[in-house]
Structure formats: C-alpha cells, structure tokens
C-alpha cells in the first residue's frame, strides 16, 4: 500500500518523506520491544514449574557472553530427594547506584559479592554411604558423591565469579550437608538481572555488597571468607525493568530474617565431606516452607561432564567436626550419633584460591552486631540449649570478637552474659562437654558440690584452640585455672543443690574486656574465667590458682598485676580490679596468680613505673641485709645495757625505749630469716613467718607512736596529768593492737599471707619472700597504719623543734654555740627514734625514685644502729656504767666517784640548763647523777610531778630533782629550795605532787601520794 501510494504521489513531496520516516521508526521500536519480550519469556521458561527437577545453583554468563544470570543449571535425578534450606538471610547491604547503566564497573570500584548458605537435608529413603574408619572409630565419610557433581559446582561458581569461597560440612546425626559460599562476581555481570534471578527462586544471598572505595577488594578465598559488607545504600532495581539500571535508596530496606525450606528433587552434592565446621547462625525468627517451581534449564550440566576451570590451589584438611561455622579455623563440639555414644564425624575443607590480595577491613556497624546479639539472647530465653546450637552460638561470638573495638564496646557486657548463659542452659548427657572456636573456648562439667575434687581447665594453641581438663594442666597451656577441692565448702545449704555444674571460658582475644579507666596499665594476657552455676563465689579458704601466658613476652623488670573483671566498675560497663588477687610468680612469658574468688582473670602490665634493673636490685638487697644485720647487733647491745644497768632504766622514757628496741630487733631477725624460709616453699611455714613479720612491723610502728605520745604528755599536759600503771597500759597498746590487726587478717583468710616473687637477681634466681599477698590487706594494715603513726610522729617532731627555738631565745650568747650542737644531736636522735626516716618511702617514685630508695634502705635498716649511737654511746650516764662495770685499769670508774663529786659540788654548780640533751632531747638539770633518758628533763633522779616524768619548760616553769634523799627545786630565777625525803626518790615513785600556782614560780604541796 505504501508502495502503491508512491505511484500516485509525487516522489519528492516532503510530507510523504516525513511520514515514511515516522513509520520506519515505529517499526524499529516494535522490533526492540519484541526482542526484549522474547528474552524475558526465555528467562521465565527457565523457572517454569516442574516436579521432577530443582534449582541448586545459578550459572551466569561468562565474560563476554550475553546476560544469562537468570539461567539455572542442572537437571537432577528424579529418584533422589533433598531439601535446600536457606539457613539465614541477612539484610542486604548494597552499593552506591548509578542510574544510567547496570554493570558492575559503574556501581563499584571493582566487584560485587554475594554470600549464601544452604543445607542439603536428605530424606529417610535416601541412601547414605557411611565409611567406618576402624582406626579412630569415627566416620570417614557421610555422603558418597561423584566428582562430576563437584566439578559442576566448581564450574558454576568459576563461571559466575572471578573467585569464590565455599566450605561444606557434614553432620551424621542429621544426615545433612551444610555449605556456605561467597562469590566475587565478574565486572561485566548485570547486577539487576542477578537480583531478579535470586528473587524469582525465592533465594536471597546472605550478604550483597561491593568493595568500599577506601579499601581494596578481596582477591583470594581466604579474604573472601573474612569479608563483611560495608553498609551502604542497597541496590533497588525498577520493578518494571528488572534488567534496567538500579536505583539508590535513601534508607536500608528491612529484609525479614527467615529460614526458607524448599522441597525439591536433587541428585547434586559434594564429592567428599568438607573439613570445616560451618557455623549455623542463631535461631531464626521466621520459618517459611514452599515448593519451588522447577526450571527448564537451557544448559543441563548434568547431561554431560564439565571440565573445571583451572584453579591455582586446593587446600584440603580433615578434622572431626559437627559444629557449623564459615570460618577457616576448625571448630569442635560433641553431638551424639545414632550408632555411637559420641561420634566425631570428620569433614573436609575445600578451598579454591586465587592470588592473594590485600586484607579487607571489617566494616560491620553497631546495628548489625546488635541484631546478632539480640538473636542469640532471644534463642537463649527459650530455655534448654542443644549442643549443636550452642556450638553455633560459640562460633558466632568468636566471629564477633574480631569486630572493631569501638563497635563492640557497647555490646561487651551483653556478649559476656550470652557466653555465661550458653554454659548455663547447655543440655548434655555426659559428664563434660567442650565447645571451641577460633577465639573462644567453653567447657562445662557436671559436679557434685558435696564431693568436689580439685579441677583444672586449660587452653592450648591459640592458632587452633583446644581445651583440656587434665590435672595438672599440660605444659604447653596458654591459660589454666585450678579450682581447689574446698571450693564449695562454705556454700549455703540452699545453694549446694544448685551448684551442679562448673563453666570455664577462655577468650583468645580481649575484645570484650576494654577498660577505658586504665591509664598506665595494659592487658598483656589472654582472659580465662570460671563460674559455678552463675553463683557468686568469694572469700575462699584456699585460693584459686590462675596461670596465664603473656601474649607478648614482657621484660622481667616490669611490674604486673593479677586482676579480675568487675562488672560493677565504670558505671556498670565493667573494668579491671585487683581486689582479692595477687601475683604468685612471674616469668617473662607467664604469670601465676592466686585469687580468693571466681570470675574472669587477666594480667595487667604496669607502665607507670619501670622497675629497677637487676644490678640495682642486687645492690639494694645487699644494703638491706647488711643494715638489718648491723641493726640487730647494736639493738641487742642497747637492750642488754638498759636491762643490765638498773639505774638507767628507772624512768618511763627508758622503759619505752626498751620496748621499741625489742620490737625492732625481732623485726630485723625475722626479716633476715624470711628469704631463707621462702626457699623451702612450705605454705604453712611461710604463712607463719609472714604473720610474725607483719606483727612485729606493726609493733615497731606502734612503739614509735607511743614515744611521740609520751612527749606530748611531757610538753603539753605537764603537771596536770597522772596516769596509773603508765607503762603497763603502754605495753597493752604497743603489743596488743598489732595482735588484733593481724588476727583479723588471719580470720578473714590465711591466704592473705604467703610466698611471693619480688623480682629477680642478675643470675635469674627469683627473689621469693614470705609476705602479704593481698593488696587490700597491705594498703590498709601496713600503709594506712603507718601513715597514721607517721603523721602523729611528724606533728610531735614539729612541736619539739618549736620548743627548741623558744629555749634558744633565752640562752646567753656565750652558750649558743654549745647548745646548737646539742640541738642538732637532739633533732637527729628524735628523727630515728620516731621513725621519721620511713617517710622516704613517699618519695620513692618518678625520676628520683632510685635516690630515695637508697636513702630508705640505708636509714631504715640502720635505725637500730642509730638508736644505739644516740641513746647509748652518746649518753654520759650510760658510758659511766660501762666504765664502772665493763672496763678495767685506768678506764675503770670508781663506783661512788660521781656521787661524791656531785654531793660536794652540786650546790655550787647548780644552774638552770634549758638546753635539750643529746640523749633525751630534754632540758638538763644540774642534779643529773645518772642523766637518764627523760624526754624534756634529763635527770636520772627526776621526780615527775604527775608521776610521768614531766616538768615545765615554760618561762616561769619549775624543774626539780632528788639527790640522795634531798629534793632540789629550781625555779628559773636561780633560787634553790631543799627538803629531805627519807624515801628513795630516784625510783620514779615520788610521793610529792606539785602544782604551779602563779607565773612567778611559787609551788604548793597539795597532797602526798
């Protein structure tokens, strides 16, 4: 018609040419639409219903082939039935979209990845070939599968992708094959067509994403295994144009998490069971069962053998497995077999690898981790947990432990509770069960609380985590915990029945134990924990022993701390605490701890201070032992002198000095014996030595404080204080209070004392010492106790200095030089008598710590020697006693020579001496026949107005003394009063009480005592 129309019309008319052109365009458009429709019909025909065949895999076009992502492979045997189960479906995390074209190069910088997981579950009528391995009693194979089908699967994945990762495991008890695969699509693949194919057959990938522009793409199966998609806008293809360009969604669509079970016929399987445990994700929230329409494939691979594309490496390994995980590391569990009590079914891992590339960064988000943790919590809330599901959860937690710490921190406490709940709700029939994964190991033991024996849990080989319940633990353990047999002795009666199982956990990575409050401390070990049926176990009579290897070797000169994870710290977020734990032994690669409770344990390295080098430690050790030895000798001489010569120990200060010297002597002797006793490593003996060392240290501190208290009475109270049985009460306080403190510590737990290592000598020998093991006990009963005494003594020391300054103002100019020397001697004597040198310990840190440690070691270990110098050798009355009874010849002093001289010249030379003597730091009286060690009035025959040896040192005060029955009273105006007393007033029990009634120095006798 068109042609004939042309006969009757002028050929060159423009209207006709335009009409012809339009008609031609319409025809071309119809042809394009027709071709597109035919292609869509072809794809639909592939998915037409059929009861005799099933979909098991997808075949995309290879590079350079037209779009065939919707074509399906394999016509399957009609007689064999199987179930294809999509165990888990994750929310699709897609890629940035382009609106013009749909190939991968426009969407991603490299490739798109799809991850899927399927379970082949055979029906009862399916013949399963089982090969019994008589050597080890395990099943060497579950399914007898042909190499042809394996080749078909390999070819399918190779055609679909540049590289892929697949791992399958067999479970004998369930007669299933579980496979997880990850495919890296070719760059020329049509993404939308691939998505349409997945949606049509109702199978979604577990994950769907592309490489992040900031990170390189995986290029090997190992990297594909660790791939986690970065959350981006998902791919959204137009509904009416499934092959058209994808659209970018502003928000991620919510894809329901479901388990889709499809009953189809299949004769496809793997040639061999695969040696890798696959982790089946947690219990799904929705289960859907449907019959898939069977497609009519255009390329039936089952009809002819297919040749595998060349691959570069195949990794095959075998290990007894039944747990499911899509990680490369082996996972162990125990699932009973129908024919054997606890079979261990070997599996085989097949890895098709390509040239290795760069590592992919974990790109999960908090919402992803939150969803996975919530799923596990929901499954645990249902009650009893079967071993296979427990193994899956352990593997899931193990995988989450490698998430970025910043993302994992908000969920750390919940994950710890999930791990505890797994062991608490685990249902098993045997006595013990253990579940291991690459980063987490869990073991549960059934126990009888009334008959509990010592139990040990150990973990081995961090690269292939294994557990052991042998006692003692294996030598190659990276972490072990030993529970004493007395663990449950103190449980309440209603808790004994509940204590039916003990759970052990081992964390290969400390991701769940991040403490932001740590400043100069860092975790250097693995983490191990133990619990008894989710009960609180503390204040044990015998401590738990924990041995942990260091992740990296630590130098011997660094300080470590044994700590446990306290859930209540940092506002409920958890944190490390050392309460109840102490270091028992430290080596370069391992630390052994003892703790009085059960929880999660670890080792912290103290970076705040660096310990001294071994050579410095050796020098300080020698100084300490030499100083203690010298002090012991001279303290003994001081004690013998004051005990042997009755005339120099009649006053109260001398008696107080005797008690202090006795305490210091016993302290030094026990300290010298301590290291030698520690070599025998006898627990009871070592505890006894530590107890006595603690006791005599507190006694020494207490008597130093009593010296200061006596000075307070002499200076402040003066005449107005009288204390009956003065020394007896001092003895009760000085020896009794330390005994009460030590008794309380022993009552709480004898294990607060024990052997500990305090460094090493240059030859590597450990410096073991019997001392306090608990930091809490040490800081309260030693540091706190000493701080109180030290503050009292420093205050008293300042008061004495003030008094010396007042006295010096009243001195005549000619005598100042002499009194200045006496003042210095008095100050030095008080410094050692009151233990002021112990204050060097407060400065033994920072850049000057070495200097002050040497000062501390020298002055404190020689405290006994300095007491001998200032309170024996420097005292004139003591030297006279030595000359009278110990010397001979010209050095010997006549027994009554000093008494006659004093009687003749005493009245002529009496002057008020307001200086402080070098031996007693007190005012000297000219009536000093024996020159005793009173603190402020230095007179052997001094009458103490209050019965305590007190005398006034004020401007109008009065000092007095007794000489051979005569009492000499001196006021500061130089007047002298004499009276007779028939009783010996030099015995410290004067019957005269005096009271100052005016500032002029007048005295009144108020009563006789």
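Every residue, even glycine, has its Cβ placed from backbone N, Cα and C.
Summarising the annotation, Swiss-Prot assigns N-linked glycosylation site to 91 (among others) and lists sequence analysis as the type of evidence.
Feature annotation from Swiss-Prot assigns N-linked glycosylation site to 109 (among others); the stated evidence is sequence analysis.
What Swiss-Prot records for 127 (among others) is N-linked glycosylation site, and it gives sequence analysis as the kind of evidence.
Swiss-Prot lists 136 (among others) with the feature N-linked glycosylation site, giving sequence analysis as the kind of evidence.
Taken from Swiss-Prot, the feature N-linked glycosylation site covers 178 (among others).
As annotated by Swiss-Prot, region 'Disordered' applies to 279-305 (among others).
For 325-346 (among others), the entry in Swiss-Prot reads region 'Disordered'.
What Swiss-Prot lists as N-linked glycosylation site is 362 (among others), and the listing cites sequence analysis.
Marked as N-linked glycosylation site by Swiss-Prot: 448 (among others). DSSP assigns residue 448 (N-linked glycosylation site) to coil in the three-state reduction, outside any helix or strand. Non-local neighbourhood of residue 448 (N-linked glycosylation site): 500, each in the same chain, at least six residues away, with C-beta under 8 Å from its C-beta.
According to Swiss-Prot, the feature N-linked glycosylation site maps to 534 (among others), an assignment based on sequence analysis. Cβ neighbours of residue 534 (N-linked glycosylation site) (same chain, under 8 Å, six or more residues apart in sequence): 420, 424.
Residues or ranges marked as N-linked glycosylation site by Swiss-Prot on the basis of sequence analysis: 539 (among others). Here the Cβ of residue 539 (N-linked glycosylation site) has 10 other Cβ atoms within 10 Å, regardless of which shown protein chain they belong to. For the recorded site, residue 539 (N-linked glycosylation site), the DSSP three-state label reads coil.
Over all protein chains present, the Cβ of residue 543 (N-linked glycosylation site) has 24 other Cβ atoms lying within 10 Å. Annotated N-linked glycosylation site per Swiss-Prot: 543 (among others), in sequence order, evidence recorded as sequence analysis.
Take the CB of residue 562 (disulfide bond) and look out to 10 A: across all protein chains shown you find 25 other CB atoms. Residues annotated as disulfide bond in Swiss-Prot: 562-593 (among others).
Sequence annotations record features per position, and here Swiss-Prot assigns region 'GPS' to 562-611. The average pLDDT the prediction assigns to the region 'GPS' (562-611) is 82.
Per Swiss-Prot, the feature disulfide bond maps to 581-595 (among others). Taking the Cβ of residue 595 (disulfide bond) as reference, residues of its chain lying under 8 Å away and at least six apart in sequence are, in sequence order, 543, 544, 546, 562, 564, 580, 581, 582, 601.
Taken from Swiss-Prot, the feature N-linked glycosylation site applies to 589 (among others), supported by sequence analysis. DSSP classifies residue 589 (N-linked glycosylation site) as coil under the three-state reduction. For residue 589 (N-linked glycosylation site), the Cβ neighbour count at a 10 Å cut-off comes to 11, with all displayed protein chains included.
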Residue among recorded positions 686, 770, 849 with Cα closest to the Cα of residue 589 (N-linked glycosylation site):
770
Least buried of the disulfide-bonded residues 581, 593, 686, 770, going by other Cβ atoms within 10 Å?
686
Within 10 Å of the Cβ of residue 849 (N-linked glycosylation site), how many other Cβ atoms can you find? Include all protein chains, please.
14
At the Cα level, what's the spacing in Å between residue 593 (disulfide bond) and residue 770 (disulfide bond), rounded?
15
Composition by DSSP (helix, strand, coil) of residues within the topological domain 'Cytoplasmic' (641-655):
11 helix, 0 strand, 4 coil
How many Å separate the Cα atoms of residue 539 (N-linked glycosylation site) and residue 686 (disulfide bond)?
20
Using DSSP and three states only, what is residue 534 (N-linked glycosylation site)?
coil
Sorry to bug you, but what's the C-alpha spacing from residue 849 (N-linked glycosylation site) to residue 686 (disulfide bond), rounded to the closest Å?
30
